[in-house]
Each structure stands twice: as C-alpha cells, then as structure tokens.
Amino acid sequence: MGSNKFLVPLCPQTYTGSILVAVNPYQLLSIYSPEHIRQYTNKKIGEMPPHIFAIADNCYFNMKRNSRDQCCIISGESGAGKTESTKLILQFLAAISGQHSWIEQQVLEATPILEGRARARRVGLGG
C-alpha cells in the first residue's frame, strides 16, 4: 500500500453554523484565484464549499440589501492567518465592487500600517 493512498485534497476551511473556520495552510493555494472570486460572487452561503470568499460575498450582499455597514470578525492565534484572511476579503470586495485597482492600492498601502499596529499591540500586551 502506498502511503499517499489516504491523502485528501487540502481543504483548510469549514463552517460551524454561520462561522467560517479556516486553518492557515502555510502555502499558496489555487482556491484564492480570480476564478474563485467569480465562482463565489452572488452565491448564498452553502451553495458552494466553505470559503472566505463566501463570507465576503455574504457581507457585501447584506450591505447592499440592507444599506447597513457589515463587519467580519477575524480572530486567531499569532500565525493563524488573520492578516492573509483580511487581505483575501479585501481582494474579493475590491474585485466585485468594480473599483479593483484603486481599492487594491489602498489596501496595499494600509496593510503594513495595520500589521505594525497589530504587532505593537501584541508586544504591549505581553503576547
């Protein structure tokens, strides 16, 4: 028997109720491509496999439908992938908003500031 017989495709995301649980795979995955953005646009949660783009699309849909601000809470230990998850949500929102290049530039410029602030808070809190 080959040892890879029981390997399954890497699926680092699942739902528990309406919450997405994502595990940092510590590698680039093809599931975050522009094609996946298109696949998850205008889909209800559960129509597609669990994905951070589904959460982003749900927030965008609810914002447009209800004309109210939305919030995604991203939490986890250091190294859990919070910054990458934030970037993926912003990548999705930039792509579907029709202002991709401007928003993407704003995100790229803001990310080092946000990361620095997060690091400073961890040091200041002793962790």
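Backbone N, Cα and C define each Cβ position, glycine as well.
The domain 'Myosin motor' annotation in TrEMBL covers 1-127.
Annotated ATP binding site per TrEMBL: Gly76, Glu77, Ser78, Gly79, Ala80, Gly81, Lys82, Thr83, in sequence order. Lys82 (ATP binding site): 17 other CB atoms within 10 A of its CB, across all protein chains. When secondary structure is read from DSSP and collapsed to three states, Lys82 (ATP binding site) falls in the helix class.
Less than 8 angstroms from the CB of Gly79 (ATP binding site) sit Asn24, each of them six or more residues away in the same chain.
The binding-site residues under consideration are Ser78, Thr83. Their Cβ neighbour counts within 10 Å are lowest for Ser78. With every protein chain in view, the residue among the binding-site residues Gly76, Gly81 whose Cβ has the most Cβ partners within 10 Å turns out to be Gly81.
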